[in-house]
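Since the structure comes first, as structure tokens, the remarks are kept for the end.
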Amino acid sequence: MTATEAEAETDSAVVGEDVYADGTLVRDPEIEESLSQDEYDPKGTLALLLVYFLILGLMWTYMYFVEFLGNGPTVVG
Amino acid sequence: MSTPGETAGETVESAREMLPDNSFLIQYPHVSRVVRSLFLTAFVAFGIGAFMGVLQALHRTGIARIVASSDYYTLLTLHGVLLVIVFTIFFLAGVFTWANTRSLDRPPVSKRFTWFWVVTMSVGSAMAGIAILAGLIPSIGMSADVLFTFYAPLQAHPLFYIGLAVFIIGTWLAGIDWFRQYLAWRGENTGERIPLQSFMVLTTMLMWFIATMGVAVEVVVFLIPWSLGIVPAPNPLLTRTLFWFFGHPVVYFWLMPAYLLWYTVLPKIAGGRLFSDPLARVVFVLFLLLSTPVGIHHQYVDPGIAEGFKFIAMTNTMFLLLPSLLTAFTVVASIEHGARQRGGTGYFGWLKALPWRDPAFTGMTLAGLMFAAGGFSGMINAGMNINYLVHNTIWVPGHFHLTVGTAVALTFMAASYWLVPRITGRELYSRPIGLFQVVLWFVGMVFMSAAMHRGGLAGIPRRTAEPQYPQVTFETVAGSVGSLRLQLAFGGVLLFVSALLFLVNVGLTAMNNEPARGLDSALPPALSGPEQSPTVLDNLKLWALIAVVLVILAYSLPLYSIVQGAGLYPPGQEATPAVLAPLLEVIA
Amino acid sequence: MSRLSPAALLIVGAFMVPLFIELPVVLSFVGVELSMTASLGIGVVAFTLVLIWSEISEKPEAADA
């Protein structure tokens, strides 16, 4: 494992390479660095969800054209 | 596939010895066998159902009419029932058996009982399937061309309804089996939190027990006696309402196993950890509470149900967006965690650090992306006013091919690439073919579903063998109706090719003598674990009770007014088509 | 060395499909008529450009996405 990880506690030396830095269970050996809850800020998720909401908002705007301008009167009831 | 040890011989035995001791197959060989047999049934149904799908896509667009248009409903019923009842539910039964066993770390209590429900479900599906298939051969005098929405006045042969009832009983027994497994675990682990996957299985099954009450009453009290000629035709509105009592929550019965895979397996494949275990529990509790009291939103144009009841159903439906949006956040955040652990950076740059080469990851992610689009068209369906615009048009099949047809089905296919090696001990035959297959499904569905949505806005009806009328011109927003038809058929063909590739890849995996690799790592724990949530989340009795109360609130008055209005058996109802006269003559 | 692996090209191509299928609809709202064939044709050209960008790269160390 990397040097940065080795200095954070002695986990990897004692319990094995498959343990997270916070001492919980297993991880895949391919993972380069481990991120704990405090270190992780899901800003990419925020960015993606904002894009999604933007698309939703635009599509709702189009709904106005589709429902009210694109068709004749709708029979209700 | 179900009994590999006997056929494949010594190579497999030696291959199995190479699997790590903590792999699922070595720990639970019997449970693995159960899951294999459930998956086999699911995949056979998937193959037949997909074939019916491509036949319809070519038929209704007028490109190739291989069967007579009068048989279109037989194909459509097979397509619907085999894909959304047999494929989805057998697959999810396999996933739940695996997940419950894995997370509780113990096998089901009784092997005999487990096989009993597997056989019950299989016999029920076979009965229903035979009744539908018989419709293609007129000389048998049996048919069940009643579509997946099997309410009156369309009538099927009794074998179809009895098969459905047997199948539903099989799923109940399966649920009881998983609860017994949990109670045995609870006996040895007092005071501990329910492991997450097991929690998801149990809440889903509680939802299913409540939801299937409606269809059980519909089938056992009304449809079976009616098809046998014992009682007159039931009130169609009543059977419709009882069907949709079950017909909406069943979509969450398909979806929640996909959520289970997104919450627990996908973060691991992405190289990360679930962002929040408590949030996952809240989502499943919300589905338990809100899945059932919404069914009337399928009946917005039904006369005989007051607008007020429809409005309540719409409100409940909009609340259902909440757990799905929570899921969007939690699952994406969990994937992003994986990307950042793999060295991803930036607001969007982390997307490049994801394991796109892995068909299981790419398939589930594309499925989630399609679900986001399906969520939008679902909001349109759920709005009472906008619903009138698209009701009974091909927009609606366009919507649910994004949700059950992609969010669920593509997740199941992608998960198979991950799960099948774990229950067979055999290495996936081809990852590149798998990747191509899941991407092809996505592309095919984009073509087909976009054409369906747009055709629906132009007013093209659903469930129609020949939606071409000389006196009517459909007006599209962009492009011609002809190009929409081509687009729909092209997408359908791509989807069928993708389905074939999937089946071939999984079939060759089941015969692959190379031992599976990389099975030894357990699922990583959540970043925010269950200890950070209130224990009341695990109080299943409380949530089940509230769910029942909500169902009573939403349904008692509408059902009462339907029965008061036209009665249980209103006079003048005719069965369509009248299939029983020849049969009764034979019996007499 | 190509910039994108075959798998990455597949994913990029897949994400382009919905864009070019919806393009004529979006354009129709602003009054621009574009046929589906033309839109898909533009999509094929765009993908070819991505392919060329991916395959013709000056720096040998450019890695897969």
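Every residue gets a Cβ built from N, Cα and C, even glycine.
Whatever TrEMBL says is automated annotation, not expert-curated.
Positions annotated as transmembrane segment by TrEMBL: B:38-58, B:78-101, B:113-138, B:158-179, B:199-224, B:244-266, B:278-298, B:318-339, B:400-420, B:432-452, B:488-508, B:542-563 (among others). Annotation source TrEMBL lists domain 'Cytochrome oxidase subunit I profile' at B:38-537.
The stretch from B:78-101, B:244-266, B:488-508 that makes the most Cβ contacts under 8 Å with the transmembrane segment (B:432-452) is B:488-508. Counted over residue pairs 6 or more apart, the CB atoms of the transmembrane segment (B:199-224) and the transmembrane segment (B:278-298) come under 8 Å in at least three pairs, which marks the two as touching.
Using a Cβ-Cβ cut-off under 8 Å and counting only residues 6 or more beyond its ends in the same chain, the transmembrane segment (B:400-420) has close neighbours at 35, 39, 42, 46, 83-84, 87-88, 91-92, 95, 98, 251, 254-255, 257-258, 261-262, 265, 269, 359-364, 366-368, 370-371, 373-374, 377-378, 426, 428, 431, 434, 437-438, 441-442, 445, 448-449, 452, 502, 505-506, 509-510.
Here the transmembrane segment (B:542-563) sits apart from the transmembrane segment (B:158-179); fewer than 3 CB pairs are under 8 Å, leaving out pairs fewer than 6 apart in sequence.
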